[in-house]
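A.B. asks: Dropping a structure here in structure tokens format, bear with me for questions.
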Amino acid sequence: MFEIIKKSIEWGGRTLSLETGKIARQADGSVVVNYGDTSILVTVVRKKKEEIVDFLPLNVQFIAKSYAMGRIPGGFFKREGKPSDRETLISRVIDRSIRPLFLEGFHDEISIVCNLLTYDTVNPPEVPALIGAVAALAISGVPFHFIIAGVLVGCDGNNNYILNPSVQEMKVSSLDLFLSGDERSILMVESEAKELPEENILNAIKFGHEHLQPVIKLIKEFADTIGNKFDSFAPIDISDIMQDLEKHSKDFEEAYSQTVKQERAQTLETIRNNILNPLKEAGKDEKLITQAVKNFERSLLRKIIREKGTRIDGRKYDEIRQIEVEVDILSRTHGSALFTRGSTQALVVTALGTTQDEQIVDDIEGDRREHFMLHYNFPSFAVGDASAIRAPGRREIGHGKLAWKAIHPVLPDKSEFPYTIRVVSEIMESDGSSSMATVCGTSLALMDTGVPIKSPVAGIAMGLIKDKNDYVILSDILGDEDYLGDMDFKVAGTSEGITALQMDMKISGISFEIVEKSLEQAKAGRLHILEKMNSVISEHSDDVKGHAPRMVSFYIDKDKISAAIGAKGKNIRSVCERSNAKIEIGDDGKVSVFAMSSAEAEIAKNMMIDSITELEQGAIVDVKVVKIDKSIVELELFNGRKGKMHISEVANQHIESIESILKQGDTFKALVIDFEKGGCPKLSRRRVDQETGDFFEGELYNEEKKDSSNDRDYYNSPFNRKSGHRKRPVHSRSSFSNRNNRPKFGNDDSSSSFY
């Protein structure tokens, strides 16, 4: 029934296999990829389009359902919903790797679905997903003539490169680099690095490319065994339209010489309309005209840049646009920055929170918590578009993650800065490289906030104009240069090295020479941008902003953690409610208190210490009247504990009723004279001077008081004998008193823990 074809190799110490003929046989191409115990089903379906479109309708979806990890989805709904960020990012990696390889003019609808069947939590799925997508395309009949592969590269503590590192190895790796390429060139790179120099990054790319070759050979052998032939494809001939456009060359040259984006865009729109209308009247298809105009502009612009040595806005190849930097522009936020580079502008705002504000991520490796979040927003008005603002799409998620990777390596450890950090980048204007403007703005905003980042970070986007063996590398590309060029190579880092990298191609790959020169030119541009940023702010503020929450931390004994939390969280909840603060207690006994002011944080700290302090006989405490019975007053102590006081301990003279002296809600100072069997303290008001808070050492019992048989046990305390009171040291335990002399709890580092 099944005609199964399977090929496999040993790669990176694990078995990589490709199999087809058993599952999803109605798809044009279907491949099951196994790498270790990670298994992915990749399907390719092609739908021929009669309608002419000026883009490639390629849709790539990576789907990771929880059954692949042996789990049931959490939450109320037990069915997967919208794609996670991880699924979106893997889908983008595959899309960006294969999109440039489709033949120009091919516009059939292509759907690629990568279904994660099993995941061993060791081998990340990005690599087998891309390999499976290429293998499925190779056997689908789609005119896709390039065979590529993907690889992960890590770097250990001895600067040794690791091929396809495991999830555990990636946690300690100084490099997380994914690249795709063919036998001769590099197609796509994405990485996060811990300030690695350009040479290390280039060597990692060479290492990865070398280890791609066995996989490329495997895919070719797999496709040859099946023997599927590619469908013939011939693009529609638009040479006659292209020839007709030659007479508009001068108009386009003048338009592209305008340095202001809005003026340039308006002029180009006018020229295009002047071209479109007559050709439509002549019977030409509008979409073919649009495609021809795009090709003509691309060819003309590339010629201008190569021959004249200047760019659209008059800059040299390696020249950076004018940069303006401002910080602290929003008064009530925790930190803000406005970064403007030419006509690209990012308003970046930070907000600080507690551990309770961390993002819980349901990842394929299991639930994890993120204490640093970076959200990138690209509203339509940033490019003068009138369309409605919608939820973030793949592009916004991808750009935000790239900026996150650029900043993440320089963030302080959570033990050093325990706040949860959220950064939001609002793109106000865009003319290319808005993601790198986000990187620069985020670095500035974090320093303005007071986050102790290790070094400032800047980012730059590089472009490429390539004609056969001749090429020109452009620094800080405009939107038009990105649209009409061959490469978008984003590089972010500090003065010491690279923290993030992303390279996308519009051609079928570039050489190591171009990669190396791009990195060198990007470094010069990055250092120039850092110089501009450092002239405004080069170090983080000494303290967080006035509107940011204050934090104080201290340690308690581990055996007191349960008491600090209380039954079902009662104690910690009570302290939070009474102090208007947030309190977090770690397994190591570290208590972190967050409040809107230092004074509130200190009050909450003292309340927490009081709540776990054991009372002693002779202690003087603040109390509050909760309930009054005939002869007993129920009291609440500073730490929320309950206490009792007999009518005979209210005053030093005979009273007919407690209400004649006290009423509910009254507060006063009381002496702890004894404890009931259950631990409830017995208290006395009459033995304490309410003005000074001192203990009446020598006061005698008023003879007018009469003992009763019911009260005899209550007075059977050494403090209640009529012969006088035993002298003993007395400790004041007031939640409002000076605590400088009170005993320390563990290692109290509160003075050094304020931010």
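Every residue, even glycine, has its Cβ placed from backbone N, Cα and C.
Dumping what Swiss-Prot says about this protein:
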- Asp482, Asp488: Mg(2+) binding site (BINDING)
- 702-714: compositional bias 'Basic and acidic residues' (COMPBIAS)
- 722-731: compositional bias 'Basic residues' (COMPBIAS)
- 702-755: region 'Disordered' (REGION)
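Tell me about the setting of these features in this model.
C.D. replies: Sequence-distant neighbours of Asp488 (Mg(2+) binding site) (same chain, 6+ apart, CB under 8 A from its CB) are Ala461, Met462, Gly463, Ile477, Asp482, Gln502, Met503, Asp504.
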A.B. asks: What three-state secondary structure does DSSP assign to Asp488 (Mg(2+) binding site)?
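C.D. replies: Once the DSSP labels are grouped into three classes, Asp488 (Mg(2+) binding site) ends up as strand.
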A.B. asks: Just how many other Cβ atoms lie inside 10 Å of the Cβ on Asp482 (Mg(2+) binding site)?
C.D. replies: 18
